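The feature domain 'Peptidase M12B' is assigned by TrEMBL to 39-217. Annotation comment: TrEMBL describes His174, His178, His184 as Zn(2+) binding site. The active site annotation in TrEMBL covers Glu175.
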Amino acid sequence: WKDKTRGEIGEQVYNAVQQETPDATEQEINDATEQRITGETEKRITNFLSSVVVGVNTLYDSVKKYGLNLDVRLKKVHILLRDLWEGNELRFGFTDQIATNTAIDKFYHWTWSNRDTLGLFDHAMLITGYDVIDSRDPEKLTKGVAYKGVMCKYGSVSVVENTFTYQMIDTAAHELGHSLGSDHDGENNYCDNNRGFVMSSRTEINSTDRWSFSPCSAEAMKLNIADLNQVGANCLVKTYTQPTPGLELGALFTADQQCKLIMGPEAFFCRDFYDDPAVYEKMCTSLSEYAVSYLQDFYDDPADFYDDPAVYEKMCTSMWCSASIKESHCQNHIASDGFVCGNKKVCKRGFCVPDKSSKPIEAPDTCPQGDQPGIVYQNLTCSEVARQKPWLCYGTFFQRKCCLTCPSIKEDVEGCEYGDKEEWCATDMKYPYDCYLNEKICCKSCARYKRPKDVGCEFGDHSIECRTKLNLPIGCYANEKLCCETCPKHKTKDPKCPYGDKSTWCQDKLEVPNGCYLNKDLCCGTCSSEANYTSPMPDKKPGSTGDGVADCMFGDRYPEWCSKQEPYQCSNATIEEWCCKTCAQYKNLSRPGCEYGDKYKNCEELVYPYACYYEGNADACCWTCSMYKNDTRPECPYGDKQAWCYKLNAKYTRDQWCHLDKEHGHCCGTCLYDETAIPVFGSKVKGSGVPDPL
């Protein structure tokens, strides 16, 4: 036994067989070595080799269908205290490479020299940590060497390179197959070397046939054993060694432990390669005859295997390892049976199948090997990542590496399963309004501020300037959405003027109330105090530029000027609009068309009633004329139509002129044609608008 690696077991074994003590005698070195390899170290080595034997027997189970029943048993583990070869026998320029012919020759002679100590054995196998190279081609690395067909004979030995992986099991079974009489597939037989059976000259990692022997290999073994039986030299029939108990290699060492044993103490299992739920599609889709037969032990129909894929299915054929987190790539190694590959599932002959043991291991299908051990990021382990930087779990990189820890801290909050997504959320998020742009990133921090019912204002004002620079309340007209929290505090119930005046100009320069007629919307706050909705308002008149009742909400447009106007002036539509409040005091709605009395001041200068007949005086002096009007005489509503009629004497009135004037009707009031004339004296209207007799 010699191991060049530095894993959990390898460290102890390495120190035991490689340590050199300066100035010490050979005996002292041997004594020190013997002390280091006793007890726990020897127990671990034995357990490891027992797992190798368990794996070898798994492969030899495949020859049972050919009529062979072979059971490999571990008789004894002998730990070599020093190398079997000298340093000058190594490959020139290398300290860890030994040629196959040198290695097996040295080991054979050692077994012969120590035959009395070793006792009887069917086969002796040297497990070495040296790289075994092809004797014919030093550049060609191999994993083992054995003499062919020497089982039960002198020379029944082999050398197997220790890899701490299933490769070692495959190599051990392969070299044992040579000793049992088998050639490589395709050499002296019809079997295809490319199928990747155990006796193939090269390992086909993805082949489902590599867990079984080819029919050619089985036939060669049968012939060799038959020859031994014929000469009575079959040592395989009887044994006093009990069956070798032990765990499968994948159960003894996890994938991470195997990676460390192969590549060093900082190595780890590359979980990144096993994240595809449909990874079974990446496997060889064709099942060998032996694989179909084997899967029947786990599924009623072997095809059901494809309906029950495990995320880590591929790890049952390929184990990817990285030397350290500083490395940017992973190396592929043969996977081991016994690996936990899913919930209550283990690797068996390259398949992830239900574990039918009494105590199957429960593990997440997405994390059967647990978190990547050790440092995963910036000197942090997975548990430290969860405590200090939980947001890293959002990334698939950490979900794979910390596949056990990340789900353990996952919260049932969609989109915020691991809290804030960036570290700066806890330090740079100073105000709730920052959440409007960063809610998705800082989902946990923002949740503390969020008011879901305030749609559009979940985090209050959208800017700090709403509290520091906003000109209230006027500024809310342009910034109501931006300052959604501050502005409602200053909002009135008037939907048309929620924040008062819309310009500072209103308070500084607006002339009220007349300025409100043109600026009532702009200066709605100031003008609202000037508005009078209860005062009588004029109706809209023809020719008015206003809107009727609404035109007088602020009173007279020119109060001082309007106070000097007389009632008759309100008959002018423009003045009525400008002085709407003053005019309303004079207006008499019972006199349609003459609401403000006579419409001209010079109505006082006319002689009535005959003046009402001339040039629209009846309308212009509507109030005065109405007092003389007789609606029963439509042809003579105001009496005489000429001023001189009242001068007629009775004689002319009665006998002469009235008769002649009947056709013209100039003196229709005086003459009263066909009746006794009644003279009517004219009158004038005084400035008060009340007519007095002349």
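Backbone N, Cα and C define each Cβ position, glycine as well.
You'll find the Cα of His184 (Zn(2+) binding site) roughly 10 Å from the Cα of the residue listed as 'active site'. Here the Cβ of Glu175 (active site) has 22 other Cβ atoms within 10 Å, regardless of which shown protein chain they belong to.
In the three-state DSSP classification, His184 (Zn(2+) binding site) falls within coil. DSSP assigns His178 (Zn(2+) binding site) to a helical segment in the three-state reduction. Listed in sequence order, Ala146, Tyr147, Lys148, Gly149, Ser158 are the same-chain residues at least 6 apart in sequence whose CB falls under 8 Å from the CB of His178 (Zn(2+) binding site).
Under 8 Å, Cβ to Cβ, and six or more positions away along its own chain, His174 (Zn(2+) binding site) finds Gly144, Val198, Met199. Cβ proximity to the Zn(2+) site centre (mean Cβ of His174, His178, His184, cutoff 8 Å) flags the following additional same-chain residues: Ala146, Glu175, Gly177, Ser182, Asp183, Val198, Met199, Ser201. Mean model confidence of the domain 'Peptidase M12B' (39-217) amounts to 91 (pLDDT, 0 to 100 scale).
Its own atom aside, the Cβ of His184 (Zn(2+) binding site) has 20 Cβ atoms within 10 angstroms in the protein chains shown.
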